[in-house]
Amino acid sequence: MVQSSVLGFPRIGVLRDLKKANEAYWADKISQQDLLAEGKRLRLAHWKIQKDAGVDIIPSNDFAFYDHILDHIQLFNAIPERYASQKLSPLDEYFAMGRGHQKGGVDVPALEMVKWFDSNYHYVKPTLQDNQTFSLAKDPKPVREFLEAKEAGFQTRPVLVGPVSFLALGKADRGSSVDPITLIDKLVPVYIELLKALKAAGAESVQIDEPVLVFDLRPEVKNAFKPVYEAFAAQGSAIPSIIVATYFGDIVHNFDILPAFAKVQGLHVDLVRNPEQLEPVLKQLGPNQILSAGVVDGRNIWKNYFEKSLDILQTATKALGPERVIVATSSSLLHTPHTLASEKKLPADVYEWFSFATEKVKEVAILAKAVTDPESVRAELDANAAAMKSRAESTRTNDPKVKERQAQVTEEMHNRKSPFDNRYAQQKKHLSLPLFPTTTIGSFPQTSEIRVQRNKFTKGEISEQEYDDFIKKEIDLAIQIQDELGLDVYVHGEPERNDMVQYFGERLQGYVFTTHAWVQSYGSRCVRPPIIVGDISRPAPMTVKESKYAASVSKKPMKGMLTGPVTCLRWSFPRVDVHQSVQCQQLALALRDEVVDLEKNGIFVIQVDEPALREGLPLRKGSERDAYLKWAVNSFKLATAGVEDSTQIHSHFCYSEFQDFFHAIAALDADVLSIENSKSDAKLLKVFIDEAYPRHIGPGVYDIHSPRVPPEAEFKQRIQEMLQYLRPEQLWINPDCGLKTRKWDEVKGALTHMVNAAKYFREQYTKA
């Protein structure tokens with residue numbers, strides 16, 4: 001009989017319950033016991049949802065209070081000494097690594113956090129030492145949560161991140177030079193100890209995620225798989241059977257690794273992202289191995305097309321037999337909202353097109369039944385076919401005017417009028433900027449008062465004029481604070497914006513919006529991605545009113561703030577019926593109109609943020625990556641090239657790991673780049689020397705994801721490190737990212753130290 005499984009379920013709860021509990025704990029409003037109890041309540045609720053849906057194989061250890069990789073860091077005692085030495089409770093130590101800790105005489109920054117493959121989820125990077133050791137934590141979390149499920153009547157399959165992926169996704173700590181993968185022999189015995197403990201607890205099988213199999217791997221990483229999985233196989237029945245799971249790409253290019261998995265129970269592959277790998281994978285499986293077929297999308301919100309999925313599943317069952325096929329989600333459902341049932345305001349004609357996590361687990365169970373007994377789920381199959389037909393025939397999806405405008409785009413429209421040197425000469429004169437100019441990335445704290453007033457306006461409890469007056473007051477406050485701080489280029493603080501993509505989506509044709517479709521981005525940070533359902537256009541200006549007002553009351557240059565076309569695409573749930581390059585060009589044309597309108601209204605510094613550019617990069621080098629970079633870069637240039645030379649174009653990027661596609665960063669032709677950099681080694685900036693990068697750059701000097709306020713000396717140290725790789729006239733001083741999640745006292749303290757440090761170096765270099 002075909003079975004069904006889910007690789008992981010969202011953690012945050014129906015109404016962001018986990019976020020609220022975490023933040024209450026951090027604010028000392030609830031106890032550790034209260035927080036732990038809420039975690040247990042959520043786990044039990046999520047297991048019940050899956051069991052009630054008819055899922056056969058339910059995951060455990062997919063829950064995390066902050067991040068699942070951080071869980072494994074603590075699980076294996078791979079905890080840097082700067083945290084272990086503080087003698088914090090295990091829970092506080094865990095959060096200190098995730099978000100920093102500046103309390104009770106303890107002052108430690110957070111570990112580095114980077115994007116999880118090509119998703120908008122962030123994981124905490126394992127940070128390892130030259131003398132690294134590993135040991136299993138007391139009361140290991142995977143065992144504890146397996147037993148918790150068992151006691152409640154749920155037989156689960158624990159989920160572990162595999163040892164090769166755990167190390168391959170890590171890095172050497174500052175001051176260490178260890179290649180993490182060389183630590184594999186030290187780590188494997190700890191995994192075996194954990195697997196034996198799970199077996200003793202009653203676990204029949206485990207899911208070991210080795211997602212790095214979708215990468216082009218270094219020989220050292222490739223060679224690590226064989227001894228690891230041979231060591232597991234040597235344990236025989238002392239450990240549970242193993243399903244090795246991959247996702248977010250294909251593994252055909254790594255078929256030479258598959259013999260390492262000869263003794264595991266089976267293999268999971270992502271057949272949503274790469275359905276073409278099915279036939280070659282079937283040929284590689286051993287005579288008794290199981291295929292876990294990931295046919296239900298764990299990354300998007302569109303209803304599964306049962307007819308197409310059943311074609312894939314029938315191919316698999318014909319080759320293997322039904323007893324060797326598991327119908328599964330393509331990846332963890334971590335990347336999808338909790339339930340469609342919470343959405344009461346979606347247009348009726350599109351509601352039936354969507355499926356969130358709770359609905360997707362039902363899809364998995366239905367498909368498993370439909371493979372061998374379609375009549376038992378005939379009503380569900382017919383309803384699905386009707387939904388697919390409705391979407392295909394909908395008038396929402398196509399706008400002839402948008403397509404006509406796209407057909408008129410020329411190559412010249414992607415290029416600024418003059419090269420950078422000519423532009424910068426005009427910008428320098430026009431903007432009167434000092435050496436080491438200071439600025440922020442855009443947003444200032446979204447206070448409770450801002451959220452209350454926005455909510456009142458949304459509900460119609462205050463008039464548009466009352467709301468506009470409130471927003472002006474908040475902009476006045478932001479400018480007053482920037483005056484006091486002494487920044488050089490101001491922002492208006494974005495008090496009117498709910499989210500950097502949602503705000504724009506709400507003002508564009510082609511989007512629909514949810515009320516409760518939250519997805520975890522990192523820690524307690526949740527986002528509510530808008531959904532692209534049709535061709536995109538801009539009916540009216542989106543940001544001009546607020547930016548124009550801010551410039552009118554500002555003593556310094558005011559930045560206009562926009563979210564770039566690639567990020568608007570990547571941080572939405574995109575269409576699946578139109579290529580992403582088409583959707584991105586539509587967004588670029590809409591933003592081009594906005595950029596030109598900002599300039600016409602006196603905004604001569606315009607930042608078009610593209611933090612998702614790196615995230616969207618295909619995971620492997622080759623033609624797919626080249627094609628992506630071409631259309632992504634062209635979209636940015638199309639959005640920004642319509643202004644005069646004297647207008648300065650900025651862009652912001654999350655994370656500085658872009659050495660392997662630096663040519664594309666340079667090709668954007670932005671006058672100033674700002675990058676999230678504070679937790680990265682300054683040596684990563686060497687690429688700007690190696691590539692003779694001619695334009696200006698602001699590497700982030702402090703981590704905005706943490707409430708910690710770095711001392712002024714720390715800012716000076718970071719700037720000094722940056723000056724080893726960047727020219728003084730090239731360097732801007734700014735935070736890592738926007739400040740909307742921080743409190744005003746944190747912001748003022750950190751920016752005061754940042755501005756003072758910039759002034760110090762300005763004085764030093766002016767004297768020189």
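From the backbone N, Cα and C atoms, a Cβ is placed for every residue, glycine too.
TrEMBL does not curate its annotations; it predicts them automatically.
If you draw a 10 Å sphere around the CB of Trp571 (5-methyltetrahydropteroyltri-L-glutamate binding site), it holds 24 other CB atoms from the protein chains shown. Here TrEMBL flags Lys19, Asn120, Arg525, Cys526, Trp571 as 5-methyltetrahydropteroyltri-L-glutamate binding site.
What TrEMBL lists as L-homocysteine binding site is Ile441, Gly442, Ser443, Asp609. In sequence order, Val491, Glu494, Met500, Lys559, Met561, Gln607, Asp609, His652, Gly738 are the residues of the chain that are 6 or more apart from Gly442 (L-homocysteine binding site) and have a CB within less than 8 Å of its CB.
Counting every protein chain shown, 24 other Cβ atoms lie within 10 Å of the Cβ of Glu494 (L-methionine binding site). Feature annotation from TrEMBL assigns L-methionine binding site to Ile441, Gly442, Ser443, Glu494, Asp609.
Counting every protein chain shown, the Cβ of His663 (Zn(2+) binding site) has 11 other Cβ atoms within 10 Å. For His652, Cys654, His663, Glu676, Cys737, the entry in TrEMBL reads Zn(2+) binding site.
The compositional bias 'Basic and acidic residues' annotation in TrEMBL covers 390-420. The residues of the compositional bias 'Basic and acidic residues' (390-420), classed with DSSP into helix (H, G, I), strand (E, B) and coil, number 17 helix, 0 strand, 14 coil.
Per TrEMBL, domain 'Cobalamin-independent methionine synthase MetE N-terminal' is recorded for 4-319.
Residues or ranges marked as domain 'Cobalamin-independent methionine synthase MetE C-terminal/archaeal' in TrEMBL: 436-759.
Residues or ranges marked as region 'Disordered' in TrEMBL: 388-422. If one looks beyond the region 'Disordered' (388-422) by at least 6 residues along the same chain, the residues whose Cβ comes under 8 Å of a Cβ in the stretch are 303, 305, 307, 349-350, 352-353, 509-510, 533-537, 575, 577-578, 582, 585-586, 589, 634, 637-638, 640-645, 649, 669, 671, 694-695.
Maximum intra-site Cα distance, L-methionine binding residues Ile441, Gly442, Ser443, Glu494, Asp609: 14 Å.
Excluding Ile441, Gly442, Ser443, Asp609, which define the L-homocysteine site, the same chain contributes Thr440, Val491, Glu494, Met500, Met561, Gln607, His652, Cys737, Gly738 within 8 Å (Cβ to the Cβ centroid), listed in sequence order. Recorded residues Cys526 (5-methyltetrahydropteroyltri-L-glutamate binding site) and Cys737 (Zn(2+) binding site) have their alpha carbons 16 Å apart, per Cα-Cα distance. Between the listed binding-site residues, namely Lys19, Arg525, His652, the fewest other CB atoms within 10 angstroms of a CB are found at Arg525.
Of all the binding-site residues in the record (Asn120, Ile441, Arg525), the one with the smallest CA separation from Cys737 (Zn(2+) binding site) is Ile441. The average per-residue pLDDT of the prediction over the domain 'Cobalamin-independent methionine synthase MetE N-terminal' (4-319) is 97, rounded to a whole number. With respect to Lys19 (5-methyltetrahydropteroyltri-L-glutamate binding site), the closest of these binding-site residues in Cα terms is Ser443, chosen from Ile441, Ser443, His663.
For the pair formed by Arg525 (5-methyltetrahydropteroyltri-L-glutamate binding site) and Ser443 (L-homocysteine binding site), distance between Cα atoms is given as 15 Å, rounded to the nearest Å. Residue environment of Asn120 (5-methyltetrahydropteroyltri-L-glutamate binding site) contains 23 other Cβ atoms, counted within 10 Å of its Cβ in all protein chains. The Cα of Glu676 (Zn(2+) binding site) lies closest to that of Ile441, out of the binding-site residues Asn120, Ile441, Ser443, Trp571.
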